[in-house]
């Protein structure tokens with residue numbers, strides 16, 4: 001016998017046993033089978049009631065006027081309050097900096113949308129965030145001003161002269177503590 005025939009025979013035997021159990025059921029089997037049917041009927045009626053109580057879906061029209069990423073129905077009240085506070089802060093900052101045109105347009109709206117943020121360049125975003133004296137392009141002179149670490153192989157250089165420790169801007173108390181800890185090492 002192949003595997004398919006064996007499975008088929010086993011299914012048939014199982015179904016026959018189940019039929020015999022149903023035919024020759026004891027009173028307690030009948031009772032519990034009846035209780036299970038009643039539970040299933042209640043569950044199906046509750047599901048039907050839930051399907052009928054399902055709220056009507058919103059139209060697609062609102063998605064053209066609201067940004068669904070920023071909107072959360074559970075925190076709509078909090079968002080409204082936050083938008084008012086942010087709008088006031090933004091207007092105060094704009095009064096200080098009148099040269100930002102895109103930022104002015106955003107401040108006049110009730111809600112800030114992702115589309116508005118994407119349309120702003122870095123200077124406008126920095127003005128909107130309230131950052132001052134920021135540049136939008138990195139100059140080539142900045143990498144040269146980085147501090148290059150000094151690799152010291154000991155207290156003496158190759159010529160045998162003692163190398164002085166690099167000067168730091170630490171207070172004297174911290175320097176003494178640092179010297180003490182270096183001595184322990």
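The backbone N, Cα and C atoms fix where each Cβ goes, glycine too.
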For this session: Kindly point out the range from 124-154, 155-185 that Swiss-Prot annotates with region 'Disordered'.
Result: 155-185
For this session: Count the residues of the region 'Disordered' (1-71) that DSSP assigns to helix (H, G, I), to strand (E, B) and to coil, and report the three numbers in that order.
Result: 53 helix, 0 strand, 18 coil
